[in-house]
Amino acid sequence: MGRGGGGCGGREEAAEPLQPLFETKEAKGRVSYKLFAGTIMVGICLIWLYRIVQIIPRGGGDHDHDHEGRSWAWIGMFMTELGFGFYWIITQPVRFNVRYRFPFKDRLSSRYEDKLPGVDIFVCTADPVMEPPTLVINTVLSVMSYNYPPEKLSVYLSDDGGSEFTFYALLEASDFSKYWIPFCKKFNVEPRNPEAYFAQETYHDQEWLAIKIKYEEMKNRIESATTQERISREIRDQHKGFLEWNDKVTKQNHQSIVQIIIDGRDTKAVDKEGCQLPTLVYMAREKRPEWPHNFKAGAMNSLIRVSSEISNGSIILNVDCDMYANNADSIREALCFFMDEKRGHEIAFVQHPQTCNNITQNDLYSNYNHVVSQVELAGIGGYYAALYCGTGCFHRRESLSGRKYCKDYRGNRDMEANKNFEKKVHELEEVSKVLANCSYETDTQWGKEMGLVYGCAVEDIVTGLTIQCRGWKSMYYNPERKAFLGVAPTTLDIALVQYKRWSEGMFQIFFSKYCPFIYGNGKIKLGAQMGYCIYLLWATLSLPILYYVIVPPLYLLHGISLFPKVSSMWFIPFAYVFIAKSVYSLIEALNCGSTIKIWWNLQRMWMIRRTTAFLFAFIDVIIKQLGLSQTTFVLTSKVVTKDVSKRYEQEIMEFGSSSIMFTMLGTFAMLNLFCLVGEIFKMVVLQELGALESLISQVFLCAMMVLINLPVYEAMFFRKDNGCLPISVMFKSIVLASLACLIMPMI
């Protein structure tokens, strides 16, 4: 295929080796970082040695305040620092191997423009209330408008909510696309999400105004129907698809619904300029109360089967309904990896980072971690083991459908579009409905060896791992212009629920047969296995962090030292590891495009996540391992009120509920405040300065926790808006923190 695609010139040109369709560049400073990491490792080992040597503190040394129970606290500190150290070691291989990919889409076009593969795009939605139809169709319109041959493009909407309002919105979008797609291509519009485009652009000319009016009219019709919970008889009579809905159809109980809204094979399916439109399909797989539906993984597997019958594109792109296309050339850039003559046949999927369009100036909830996106994920990708993150990912259909990679595989030769031209629309719809039935997967390998893997809340991560263990490689691509933009959580509650679901699902993988160290042993590189575990072990970080947040402050309040004196040589490794890691973390963040305020907000959010979301995730997984619970999937709402949105834009943390996570957060904040104030009182009022030298580390830790929790104190005592912490949370936090301080002497 490579030779055929390049035959444009004479013999001398044909004899020249084809230039690659992408290149890889290693990150700079790898050697210097390894030397720096070596010094950190020495410091960590010295800290461990100190804890072992001083496991039973003796009087007259660094620790003059012998108290009953300190030995147990000391052992706890050793275990905590052992956990921190081992986790840090796990994070290092990805930093040693950071690599960046750069595609050459011009070379792709000149070589393969007439042999571009068919691309099927999957958009998934699950609830018309939490994911409004207008949000969904904006994403659909953005992917329909790619700079790609429309006859080779098919868009599928999976509606797990089985909502006639989502179907109606898609019908409206199909009509609007006849005007929107040519408008985008004529003026090279970016982004191609109408809502996002008109929000950032001002009046241009009459054509711009006309398309904006047409969009607003469509949006109003959809929102009116959704608000009134009624679709008029006139509209229903315009499309046979509405016959699928009756009084018996509910979200959790309905038959398979497949409707081909735009048939891309039909020469009459054209836009207002006479150009072909891409295929557009609505699918709501069958749901019955007595059948497990396997959440998003089940929807994706149904889409794989249905699309194979209708369009059978060689490449599949899947996006969440709130993550629209932000770069019209993303498909072509991704194909550079799949169609490269040297390595393209090895690649199963190309993953883009998850980025959001509503992140505040200082990223209040740390919804976009610059270092994770530009360093960690690129480092895992350096091992050709990029994580599949569930959205913004291009797949090779064969690898996603369960095919194992073999060295003689040359899939590029058969990647051209392969739509089903034999069957009529209604025949395709009827056959596809069978493929989306609940019973279709019975006694098959779907959810095991084929499609997305079932049984885990983060089916995407485990699916990516199984694909890599079948011999395939994966790429991580982080372009300068982000390929996809989503919607970030605008409240702390939703942000923590999201991280709880992620960390719970990933920790569940670690406990399953898919643990990278077991399942991936001998199949993917050790560095990739450790890279996976950076995220799979998020939940376990809650335990050492929790210990550090509770025990050192309590022992500080009662004058018991758990760290070496400032004058001791043992103080040096503690100080060096903390300062060096913090300074490097800040420099690394700044080099990745972050700011000091964004970095500080990230430190706050990591602390909050680890003491709340990760802790509950850890507990839930242990309960599931004991067989006392089953996996559930929590959908986060994309709808916010105006006052919540206003506070978010002003970067005021949104609490507003009596969540147990907030009670814990408030308790830890008050505990550290009580302990810090108590120690300051003893030093200033009681003039007890003698122990300060041995307690300074604990004073510093308490002070850092107080600084991190300033928004919590503000929400607890000073704010009066609807986003403040309820009085009940404040009362419980103060009582629990006070009890901890009072009970401590009895332990």
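Heads up, residue numbers simply count up from 1 along the chain you see.
Positions of Cβ are set from backbone N, Cα and C atoms, glycine also.
Quick look at what TrEMBL annotates:
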ACT_SITE  D160  active site
ACT_SITE  D460  active site
BINDING   E131, D160  UDP-alpha-D-glucose binding site
BINDING   K296, D320  Mn(2+) binding site
TRANSMEM  35-52  transmembrane segment
TRANSMEM  72-90  transmembrane segment
TRANSMEM  532-550  transmembrane segment
TRANSMEM  570-592  transmembrane segment
TRANSMEM  613-635  transmembrane segment
TRANSMEM  655-677  transmembrane segment
TRANSMEM  689-713  transmembrane segment
TRANSMEM  725-744  transmembrane segment
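Locations of recorded TrEMBL features on the structure.
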residue	record	CB count, 10 Å
E131	UDP-alpha-D-glucose binding site	27
D160	active site	24
K296	Mn(2+) binding site	23
D320	Mn(2+) binding site	23
D460	active site	22
For the transmembrane segment (72-90), sequence-distant contacts whose Cβ falls under 8 Å of one of its Cβ atoms, 6 or more beyond its ends:
40-41, 44, 47-48, 51-52, 54-57, 530, 533-534, 537, 540-541, 543-544, 547-548, 551-552, 555, 560, 562
Between E131 (UDP-alpha-D-glucose binding site) and D320 (Mn(2+) binding site), the C-alpha gap once rounded to whole angstrom:
10
Using Cα-Cα distances with a 10 Å cut-off, which of the recorded positions D160, K296, D320 are near D460 (active site)?
K296
So which of 35-52, 655-677, 689-713 has the most C-beta pairs under 8 Å when paired with the transmembrane segment (532-550)?
655-677
Who are the chain neighbours of the transmembrane segment (655-677) in space, where the CB to CB distance is under 8 Å and they lie at least 6 residues beyond its ends?
491-493, 496, 549-550, 553-554, 556-557, 608, 611-613, 615-616, 644, 699, 702-703, 705-706, 709, 712-713, 715-716, 722-726, 728-730, 732-734, 736-738, 740-741
Return only the integer: C-alpha distance in Å from K296 (Mn(2+) binding site) to D160 (active site).
8
C-alpha of D160 (active site) to C-alpha of D320 (Mn(2+) binding site): distance in Å?
12
